[in-house]
There are 2 protein chains.
Amino acid sequence: MENLEEKEHIDQFELSKEYLEKLQTAITEQDDQFIKNTLDDTNPADISTILLEFETEESRYVLDVLENEVSAEVINDLDEDVRSKYLKEFNTTEIAAMLNELDSDDAVDIINELPLKDREEVIASLENKEKAKNILDLLRYEEDVAGGLMAKELIKANVNWSINQCIEEIRRQAENVEKIYSVYVVDNQNVLLGRVSLKKIILADDHLKVKDLYDDDVISVETYMDEVDVAEVMRKYDLDAVPVVNVQGKLMGRITIDDIVDVITELAEEERQMMAGISEDVEEDDSVWMLTRARLPWLIIGMFGGLLGAQFIGVFEEDILLVPAMAFFIPLITATGGNVGIQSSSIVLQSLASKSVFDDSFLKRILKVLAVAILNGIVIAGIVMGMNLILGQDIRLAIVVSIALFNVVLLASFMGTVTPLVLDKLGINPALAAGPFITTANDLLGLLVYFSVAHFLI
Amino acid sequence: MENLEEKEHIDQFELSKEYLEKLQTAITEQDDQFIKNTLDDTNPADISTILLEFETEESRYVLDVLENEVSAEVINDLDEDVRSKYLKEFNTTEIAAMLNELDSDDAVDIINELPLKDREEVIASLENKEKAKNILDLLRYEEDVAGGLMAKELIKANVNWSINQCIEEIRRQAENVEKIYSVYVVDNQNVLLGRVSLKKIILADDHLKVKDLYDDDVISVETYMDEVDVAEVMRKYDLDAVPVVNVQGKLMGRITIDDIVDVITELAEEERQMMAGISEDVEEDDSVWMLTRARLPWLIIGMFGGLLGAQFIGVFEEDILLVPAMAFFIPLITATGGNVGIQSSSIVLQSLASKSVFDDSFLKRILKVLAVAILNGIVIAGIVMGMNLILGQDIRLAIVVSIALFNVVLLASFMGTVTPLVLDKLGINPALAAGPFITTANDLLGLLVYFSVAHFLI
């Protein structure tokens, strides 16, 4: 098994503590030859991983030694928070030289991380003037819409061209466009008409025209489409790249699936953090201070919820003096409300993530939620009733607890379902509703129900 | 805006209630021509969406009218739970005819959903004997490893071939391999040596050999690699397809990014369900009964936690009679424990999802968690102390509550960090720890701390 484990990485970079130590020595001794020899053929994604183990200044030294093309890709592969630290080490001319090597979409991402005052300078220093123009074009879009995700680099062919002209265009652009999935076909006004796959081009007779070959039911997205919807379109139709058009249907750029994979991963992370009540994008290796800051807001909101709960229970102090056992069931009530609420929200989140074309009406959804809640409520309230009787609890209190539980399940289901729907309508991330927000709200609601029922029945 | 919304879908299928009604009529009147005319050119993914609106028998009618190739893709695009209902409508020969049209990996997925007794029959009925062999090969692998995700359909070229031979191979396989990203290069023993991109083939002189062109630092994965790791490799290196090799390095198949996008989406859904305490893969449109069944297990576990808590508080009945205000702070204590625990687990989940090559030592991680917990604990306990004094709460009780809170934050952080790490080591999905599991455990732990502190200090 040991052996198998090793084999698993045979085709990827073999990273060892030994190598890191040697690299450390090479940096200290300024042994550029060692750095070049060992890293120039390494995948930039692996170099990014290695550099995380070094101080920013040491990394800077390594990046200077490497080919500019490689350094650019390494910087591109870094996480945003690490990258912004690195970028501070470079001046605008150096950054411009790196951006020259990157696709326009990646270049724009990096420019967006620079201080406002540096942005214009970097763009002005770009040697490749077409790239500069492309970047300016892309900067007009919000980062989370198709326009903000697309790259301007793509291969397009006029519908009237011959296949040979098409191949010539691929040759001309080969250096600029790293990954070619298909050639997009446009008319004289640059309106997208369709696409030809590379496979078809390879297999076609040279004398054929693009017109004879192209596939006209190409799926495209518009520049302002939300990234979540772009991801859903690419997932649904199994696309590896999607052309982006403007309102007039003109071809503006293309989005490749690797960027969408990143979008999907980030959205999942964001949702997880919201569900857990973490208010900033933090990772385990962030500083103690950042981690604390990311966690405190929701803890404090939960704390005020708890203090409000304490004030509320205080109103019933006399009831508790009369029947102290009433206090025993507080955790049961609040926990059930919390669990039911989060379950309900999570099911709504699932629906919102994979929007169906024909949604059931709001009323129909609520009725279904109610049906599920009634079933769950009956089971929970029933078991608790049985247990309480077996354990010899006072029968009146047992009845109160079960009635309260049943109602808490109903209310928490309703709250858990409606809150994410409302947040979504308001344009707020509905995952917020599946976190401490709903737990805190349901805690208070649960206490309200429980003590009201108790007060009137005991 | 209305208008823009409409434009957004212009290149995708325009689905309307009107069309659905017409299709319903066509099905009832057996108007095959209408069905053929409107659906034969529609993307199979869209047909799948449409069929969800009809009864299984009606859908079956539509699928019979459509070309076998289209029906196969429609079935392939359906969600697993819907698909299994559909498959029951077809006999083994009909299923075999559809599988003939699908890639081997998709065919295997469908076979795995059939009753055991039907599987052999379906494979035996396959017309394409090579496909039958490929399917048998793939069935040997678990569904969640590279071997279970890969398709046997790919283009490979011997390293000694000329580019022309390579193009001939593409022509020969063109029908079997829908999407070609690159041609994999192997030696005479079928050992993977590298790859040639289609772009290079298009631009190469015909007299060149594969040997002169191919790229030898191809990234591959081994057949038994876990799907999570395959997804991470493809994401990290921005791959659109990855070749799969066996322990001897022989080329066994390839995995395309669309399948990995599905894996990533499913894993995120699974994690969300675990965090929400939902024990089966359910969606809002599942039956009331399924939804209830998926939710009850964790509700019942939470309920027993609550009952245990009630028993525990019962031990302190006399303390509560003495200081009923002690009961007021129960929700504050349990809510804080729950919130802190889920935050901690979620941060660990994040780390586990993007495994770093050099993990910090366990001790270092725990010390950091402790530092964050101490900071959070001081802030929360401090504010609560202040608020209690302002609100005129008994000073001894205020001290008890704050001491308990501080300790609950510490303990819940520790539990929330260690539990997912332990589950992960045991091979259990660590997301389980970020759900009701940790909340229930922390509720009990919180009560234990609170009442112990109270009992000794009051």
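Cβ from N, Cα, C; glycine included.
As the structure is a computational prediction, the values presented were derived from the model and not from experiment.
According to TrEMBL, the protein carries these features:
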DOMAIN    A:150-213  domain 'CBS'
DOMAIN    A:214-270  domain 'CBS'
TRANSMEM  A:296-316  transmembrane segment
TRANSMEM  A:328-349  transmembrane segment
TRANSMEM  A:369-391  transmembrane segment
TRANSMEM  A:397-423  transmembrane segment
TRANSMEM  A:435-457  transmembrane segment
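Each of A:296-316, A:328-349, A:369-391, A:435-457 was scored by its Cβ pairs under 8 Å to the transmembrane segment (A:397-423), and the highest score goes to A:328-349. Using a Cβ-Cβ cut-off under 8 Å and counting only residues 6 or more beyond its ends in the same chain, the transmembrane segment (A:328-349) has close neighbours at 271, 275, 313, 369, 373, 376, 380, 384, 397, 401, 404-405, 408-409, 411-417, 419-421, 430-431, 433-434, 438-439, 441-443, 445-447, 449-450. Counting residue by residue with DSSP, the domain 'CBS' (A:150-213) contains 21 helix, 18 strand, 25 coil. A mean pLDDT of 93 is what the model gives for the domain 'CBS' (A:214-270).
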